[in-house]
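Features as listed in TrEMBL:
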type	residues	note
BINDING	G102, I122, S130	S-adenosyl-L-methionine binding site
DOMAIN	7-141	domain 'tRNA/rRNA methyltransferase SpoU type'
Amino acid sequence: MSHLTQIAAYEPDLAPNLGSLARLSVCFDAPLHVIEPCGFPFSLKLLRTRALDYADQADLHHHDNWDAFQQTKTGRLVLFTTQGATDLWDFRFQKGDCLLFGRESAGVPDHIHAGADARVKIAMPGGGRSLNVAISAGIALAEAHRQLR
C-alpha cells in the first residue's frame, strides 16, 4: 500500500463535512471511504459543490453499507471516538491504517466499536462534548503523518 493512511466516513450526516473530508483526503494523499447510508443523497455532483475541485482529485471509494466496506478494508481499523481507550498522543500509527469517523449525530454502533483494531480519543482540555468530524480527522491525519513521515 503506497498511502500512509486512509479515511473512512461511517454514514455521514452532513454533506459539508464530507466535502471537508474529501479536501483532507486530497491534501494528505489518503483514500476516502464513504460508507452508506448517508444522511443526504450522495452523489459526485453534490460532493463537487461541497469540496470544490478537490472532489475530482479525491481517491474516493463509495460503499453501499458497512459489510461492503469490510470486504475491501486493508490495514488496521482505527476508530476515533469520544469513548476511545487510547489518547491520540499515546497511540502509535502504522502505515495503511484506516482512520474511521462515525456519524456526527450518533458515532458508530456498538458492534463496530467493539470490532475496531483500536479506539482513539482526542483530548479536549476545554471540556467540550465533541469536535466536528472534519476537524477531528484533520487532527488525526496530521498526527499520523507526523509519526509516519
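Using the three backbone atoms N, Cα and C, a Cβ is placed for every residue, glycine included.
Everything TrEMBL records as a feature, shown here on the structure.
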residue : record                               : DSSP class
G102    : S-adenosyl-L-methionine binding site : coil
I122    : S-adenosyl-L-methionine binding site : coil
S130    : S-adenosyl-L-methionine binding site : coil
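Among the record's S-adenosyl-L-methionine binders, G102, I122, S130, no two C-alpha atoms are more than 14 Å apart, and one pair sits at exactly that spread.
There are 14 other CB atoms within 10 A of the CB of S130 (S-adenosyl-L-methionine binding site), with all protein chains counted.
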